[in-house]
Amino acid sequence: MNGDDAFARRPRAGSQIPEKIQKAFDDIAKYFSKKEWEKMKSSEKIIYVYMKRKYEAMTKLGFKATLPPFMCNTGATDLQGNDFDNDRNHRNQVERSQMTFGRLQGIFPKIMPKKPAEVGNDSKEVPEASGLQNDGKQLCPPGKPTTSEKINKASGPKRGKHAWTHRLRERKQLVIYEEISDPEEDDE
């Protein structure tokens, strides 16, 4: 129950990192430049270790898993972690986005709540995906509004004070309720 125990278990800045964790860090370090790796906190490094482990586990089980974005850019560094000096790889380093903890949120798909279908619209909705999941390709031209934008524009003014009323259904037959008395009250 003592809060000081948590600090005792946490590795200190000057302490040695266990060999197992260091080996996992070395496996991940080859995907980043030396500068990027030095800037990263250990918590970010651990996240990348787990991402790689999960990817490898899924592929070993036979599932088609997408390659984590940081693993796609193997050409930026050599095995010793030294940056290449030729123009092609330098351009790749500049073009690829720097993976930081804040950008990890964009990797995972955003879960969008399902919107109720409009009357007369029998088409099924397709969930939207984040930009990184689509490999940077836009699904529709930038000038044209997407289907979800069209739905939002069309249904925007209709949704007023009682947005939930369209979910109610009208009863076809009237239901007559009878008052049922408790058996204990009948005995009296």
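Cβ atoms are placed via backbone N, Cα and C, with glycine included.
Here is what Swiss-Prot says about this protein:
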- 115-127: compositional bias 'Basic and acidic residues' (COMPBIAS)
- 20-83: domain 'KRAB-related' (DOMAIN)
- SER123: phosphoserine (MOD_RES)
- 114-165: region 'Disordered' (REGION)
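A mean pLDDT of 81 is what the model gives for the domain 'KRAB-related' (20-83). With DSSP classes pooled into helix, strand and coil, the tally for the domain 'KRAB-related' (20-83) is 41 helix, 2 strand, 21 coil.
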